[in-house]
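Quick look at what TrEMBL annotates:
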COMPBIAS  23-37  compositional bias 'Polar residues'
COMPBIAS  58-77  compositional bias 'Polar residues'
DOMAIN    81-164  domain 'Cytochrome c'
REGION    20-77  region 'Disordered'
Amino acid sequence: MKKIALTIACAFVLTGCTDSDEPTTGSADISPANTPQVADLAPATPKPAEVTPIAKTVPTTVKASTTPEAATTPVTSAGGTDIAAGEKAFAACAACHGIAGKKPLNELAPALAGKDAAFIAEQLQDFRSGKRQDQKMFIMNTMAGAIPDKKTIDNIAAYLATQTPK
């Protein structure tokens, strides 16, 4: 308690505390609030974080095939889905689920590589129709709703099913 009282007393002495309302001689010269640098500063107001649309964070190009034949032949699964088209359509999903669905960039997004195609297609359809609601981020309904048709959903699901999990 003695240390606190002594600290307060020292603070009054060091600040030049007087009974007068007049500023202590020289105090205008040393007051930080009167310096031009501080006077020119705008009041501190927090700015909202910039939000980058997910589609802008995903590369729009897909690696070229290694053989000329592969570049002209669509890769299909036994169900007739187009895996190459699924890879291209999945590009927007990679912003959260990671490249090839292997390593999510967000702890709320699951890894999808190697999952059953029927399961993935069903989940995307449910998000798209609103039957399933995204309880964590509320973005899957919007993202799945942007998928144009069931064929594209099936292509994405087939592509992810062909990927090896991490």
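Every residue, even glycine, has its Cβ placed from backbone N, Cα and C.
With helix defined as DSSP H, G or I and strand as E or B, the domain 'Cytochrome c' (81-164) counts 47 helix, 1 strand, 36 coil. Summarising model confidence by region, the domain 'Cytochrome c' (81-164) averages a pLDDT of 93.
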